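Engineer: Pasting a structure here, questions to come.
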Ligand SMILES: Cc1cc2nc3c(=O)[nH]c(=O)nc-3n(C[C@H](O)[C@H](O)[C@H](O)COP(=O)(O)OP(=O)(O)OC[C@H]3O[C@@H](n4cnc5c(N)ncnc54)[C@H](O)[C@@H]3O)c2cc1C
Ligand SMILES: NC(=O)c1ccc[n+]([C@@H]2O[C@H](COP(=O)([O-])OP(=O)(O)OC[C@H]3O[C@@H](n4cnc5c(N)ncnc54)[C@H](O)[C@@H]3O)[C@@H](O)[C@H]2O)c1
């Protein structure tokens with residue numbers, strides 16, 4: 001007998017799990033579907049958590065080798081990739097086991113299978129044992145995540161390459177590596193490989209690494225990469241990949257000039273795409289050529305009772321945003337089920353992104369474009385605690401409204417940027433001003449204190465301006 005639900009969620013990763021957790025607190029019937037053999041989603045299995053576990057090892061190796069700066073003598077240190085791999089596997093198995101338990105204990109009907117739309121209210125679920133079933137639902141949330149987007153580069157597939165998925169399974173590192181792409185995946189993995197002794201080259205299309213960040217941040221990161229021996233080719237056009245005498249060759253135009261790089265291995269990091277191809281969306285009238293697929297900030301698709309959240313929507317590729325999108329979609333689905341119009345929206349005011357390179361890179365808020373703002377910057381090399389820690393690269397930059405002093409944007413490149421950025425995001429959450437930051441206590445000596453210096457500079461300017469007006 002065909003089962004009927006009020007809400008059906010396809011995908012139990014970060015977005016789908018957040019949606020299901022929220023909606024299942026209400027007295028409605030819910031189906032949650034995931035096709036994966038191993039549940040818990042990209043972040044835990046092949047994204048944030050395993051990559052950061054790897055990075056933790058390479059950063060510690062790097063620091064130990066530089067311990068003499070702190071008056072410490074250490075004997076010979078070596079990186080043991082099978083042990084690094086084992087630590088990652090052990091941690092990830094535990095994280096995944098815990099999440100799987102959470103998913104399976106939700107008060108929902110869970111189906112392990114691949115879902116596709118038959119019509120805007122019915123889904124076909126193909127289960128692992130090739131059993132097929134049809135369910136119907138009043139509302140849907142598509143949270144099927146993303147896939148690595150393999151572009152048709154001449155010779156790439158024939159030559160072979162690593163991706164973030166396969167690199168996370170390595171037990172042995174290549175001696176040399178060409179990383180295609182200078183986004184978060186490319187930068188984080190390039191430094192991981194390089195710090196463990198692999199000769200690493202990045203080939204990227206845009207003129208800057210991490211192109212969505214402030215140009216000064218990109219320049220600072222590039223300088224840091226160059227100083228530790230990573231070669232960076234920016235402004236390139238990749239032409240072909242081939243194998244020559246046992247080595248892999250990447251041919252590209254660099255600032256218009258033909259260039260070649262040889263290495264033992266290639267790491268492909270040219271982006272991901274929404275995992276929506278097999279959902280039958282075109283069949284039910286959702287145009288997948290237009291992305292993001294969510295046509296509004298309520299996470300609705302062009303069919304109002306079908307929502308799209310997380311990587312599948314192609315808005316961002318960041319976990320806390322996937323979770324927020326899942327929750328907003330769930331709240332709006334509940335409103336539709338209650339006979340109301342959806343009202344919840346995802347706020348992008350505090351959009352935050354972090355990249356776990358060393359120095360770490362972080363930003364929060366919207367980059368000021370044509371809006372008038374006052375910005376101030378303070379360098380870690382002028383900050384006592386950073387000097388003590390031997391972490392002098394980078395800076396904190398804050399931008400605020402010139403009249404009110406409200407903080408609109410902040411970016412940090414430097415030690416613990418991933419943590420420090422939360423001081424700014426929390427202040428911005430409460431629509432805080434530079435004056436608030438100046439008045440807040442900061443313990444001395446801490447890295448956090450650095451936040452107060454650019455705030456103070458802007459505060460002085462805002463105050464002087466106000467005095468002149470009076
Ligand atoms: C290497 C790497 C490092 C990253 N590091 C970070 C980081 O440090 N911080 C950060 O914020 N983000 C990071 N990200 C991004 C982050 O992992 C993703 O944004 C996030 O996991 C997406 O969650 P999601 O719920 O949208 O998708 P997913 O977690 O991919 O979940 C989708 C689920 O849908 C299921 N599914 C798919 N199709 C179907 C179907 N037809 N039927 C049934 N089920 C289906 C899948 O099995 C899967 O379980 C990283 C990504 C990568 C690749
Ligand atoms: N710390 C984090 O939060 C974190 C870490 C890793 C990944 N992620 C997320 O995972 C997703 C995937 O990341 P990613 O770095 O693989 O993708 P991306 O799309 O962010 O970056 C891909 C890079 O490749 C470049 N590129 C694309 N086509 C090219 C071509 N033909 N030639 C040369 N360069 C080309 C792009 O300009 C871009 O710089 C993103 O959404 C990202 O936010 C997040």
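Cβ atoms are placed via backbone N, Cα and C, with glycine included.
Just lifted these from TrEMBL, have a look:
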type	residues	note
ACT_SITE	444	active site, proton acceptor
BINDING	52, 144, 145, 146, 311	FAD binding site
BINDING	181, 182, 183, 184, 185, 186, 187, 188, 271	NAD(+) binding site
DISULFID	43-48	disulfide bond
DOMAIN	6-326	domain 'FAD/NAD(P)-binding'
DOMAIN	353-451	domain 'Pyridine nucleotide-disulphide oxidoreductase dimerisation'
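Show me how these features fit into the structure around them.
Structural biologist: Within the same chain, no residue at least 6 positions away in sequence has its Cβ under 8 Å from that of residue 444 (active site, proton acceptor).
For residue 146 (FAD binding site), the same-chain residues that are 6 or more apart in sequence and have a Cβ closer than 8 Å to its Cβ are 42, 272, 273, 274, 275, 311, 312, 314, 317.
For residue 187 (NAD(+) binding site), the count of additional Cβ atoms within 10 Å of its Cβ stands at 27 [all protein chains shown].
The Cβ of residue 48 (disulfide bond) lies under 8 Å from the Cβ of 319, each of these being in the same chain and 6 or more residues away along the sequence.
When the domain 'Pyridine nucleotide-disulphide oxidoreductase dimerisation' (353-451) is classified with DSSP, helix, strand and coil residues number 32 helix, 31 strand, 36 coil.
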Engineer: Of the binding-site residues listed here (52, 183, 271), which is spatially closest to residue 43 (disulfide bond) when Cα positions are compared?
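Structural biologist: Looking at Cα distances from residue 43 (disulfide bond), the smallest one goes to 52.
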Engineer: Let me check the 10 A CB neighbour count of residue 311 (FAD binding site). How many other CB atoms are there?
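Structural biologist: Within a 10 Å radius of the Cβ of residue 311 (FAD binding site) lie 32 other Cβ atoms.
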Engineer: Compare the C-alpha of residue 145 (FAD binding site) with the C-alpha of each of the binding-site residues 181, 183, 271, and give the closest one.
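Structural biologist: Checking each of 181, 183, 271 against residue 145 (FAD binding site), the shortest Cα distance is to 271.
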Engineer: Taking only the residues the record lists as binding NAD(+), namely 181, 182, 183, 184, 185, 186, 187, 188, 271, what is the largest Cα to Cα distance between any two of them, in Å to the nearest whole number?
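Structural biologist: Those residues reach a largest Cα separation of 14 Å.
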Engineer: I'd like to know which of the binding-site residues listed (144, 145, 183, 185, 311) lie near ligand 1, counting only a CB under 6 Å away.
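Structural biologist: Listed by sequence, the hits are 144, 145, 185, 311.
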Engineer: Quick check for the class: what is the C-alpha distance, in angstrom and rounded, between residue 183 (NAD(+) binding site) and residue 52 (FAD binding site)?
Structural biologist: 16
Engineer: Among 52, 144, 145, 146, 311, which the record lists as binding FAD, how far apart in Å are the two most distant Cα atoms?
Structural biologist: 23
